[in-house]
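Structure, as structure tokens:
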Amino acid sequence: MSTIARRGFHYMQRLNSANVSPALLEKAQNRVIDAALTFIRERAKFKGELMRSLGGVAATSSLLGVPLGHHSSFHEGSAFAPPRIREAIWCDSTNSTTEEGKNLRDPRVITNVGDVPIEEIRDCGVDDKRLANVISESVKLVMDEDPLRPLVLGGDHSISFPVVRAVSEKLGGAVDILHFDAHPDLYHDFEGNYYSHASPFARIMEGGYARRLVQVGIRSITNDVREQVKKYGVETHEMRTLSRDRPILENLKLGEGVKGVYVSIDVDSLDPSIAPGVSHHEPGGLLFRDILNILQNLQGDIVGGDVVEYNPQRDTYDGITALVAAKLVRELAAKMSK
């Protein structure tokens with residue numbers, strides 16, 4: 001069991017040993033969750049009203065942080081990522097214009113809702129199933145406010161399941177997913193954890209929340225997971241076939257006949273020489289330009305996305321991976337907004 005998971009588990013043990021009334025605990029959990037959702041609701045409402053008053057925008061990328069790291073099977077520092085990524089987005093080392101010419105100083109391109117208070121919710125003894133529901137509800141609150149679209153900052157990759165579920169349920173149907181990662185994240189469960197960061201896309205596919213799942217950068221895959229790939233009809237593009245697959249990947253057309261496209265970027269999809277600040281180093285990965293070429297050429301309406309698995313605790317002293325993650329967010333935000 002991970003350090004952060006143990007902390008939550010031991011806290012619940014202390015509550016149980018203190019004979020805390022289940023009714024009292026449930027009431028406390030409900031109040032804290034209501035307060036958390038009220039915060040997200042009011043922040044999203046304000047940002048939505050602001051975008052509508054400015055006018056001339058059909059979609060605004062809305063940053064929602066989900067600082068959750070306890071479902072990681074190794075290092076857990078991704079829980080500390082959202083504020084570091086936000087800081088790097090506005091770092092003075094670069095200007096505010098994206099490669100496609102959008103000015104991030106224009107709030108109609110990118111805005112910020114804030115973070116779901118994951119640690120505070122878990123501190124009340126809320127279990128993983130209910131926590132996932134809180135994440136889903138938070139995403140829906142953002143989507144309630146047209147023209148906001150969720151661009152979620154992880155956190156480990158487990159967050160993609162409740163986020164994609166929310167997007168699909170809110171839009172009333174499945175989406176297509178473009179997924180950059182070193183790992184397929186398709187385990188049915190990992191070491192008994194149904195909500196592991198190694199399992200989100202199994203949850204998504206079995207729930208019918210995605211029609212197509214296109215994975216890019218895969219280079220660590222077990223035979224059991226290959227069976228999962230076959231089971232769910234996943235389109236997996238491994239690093240060993242990247243040269244052959246590049247023409248296909250740089251001309252992707254997704255989202256037709258479904259509710260749009262969701263883009264999930266695990267920072268460990270990149271080679272660790274480019275992005276060392278991740279929990280799981282897997283040599284032989286994508287170059288930064290590989291991701292941008294695929295993303296910038298993607299045809300389809302992007303209705304949501306996430307950038308996950310940046311781990312500040314494993315980054316270099318000057319935060320190079322934070323800058324890498326921030327640029328991924330910047331360029332994805334530019335692609336989403338219109």
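Heads up, residue numbers simply count up from 1 along the chain you see.
Each residue, glycine too, has its Cβ placed from N, Cα and C.
Together with His157, Asp181, Asp185, the Mn(2+) 1 site in Swiss-Prot holds one more listed residue from Asp92, Asp266, Asp271, which is Asp266. Cβ neighbours within 10 Å of Asp181 (Mn(2+) 1 binding site), excluding its own Cβ and spanning all shown chains: 27.
Between the C-alpha atoms of Ser93 (L-ornithine binding site) and His183 (Mn(2+) 2 binding site), the distance comes to 31 Å.
Take the mean position of the Cβ atoms of Asp181, His183, Asp266, Asp268, the recorded Mn(2+) 2 site; other residues of that chain with a Cβ within 8 Å of it are His157, Phe180, Ala182, Asp185, Gly217, Val267, Ser269, His280, Glu282, Glu309. When the binding-site residues Asn95, Glu191, Gly192, Asn193 are screened for a Cα within 10 A of the Cα of Asp181 (Mn(2+) 1 binding site), none qualifies. Considering only the binding-site residues Gly192, Ser220, Asp266, the residue whose Cα is spatially closest to the Cα of His183 (Mn(2+) 2 binding site) is Ser220. Of the candidate binding-site residues, His157, Asp185, Ser220, Asp266, the one lying closest to Gly192 (substrate binding site) when CA atoms are compared is Asp185. In this structure, the binding-site residues under consideration are Glu191, Asp266, Asp268, Glu309, and the one with the smallest number of other Cβ atoms within 10 Å of its Cβ is Glu191.
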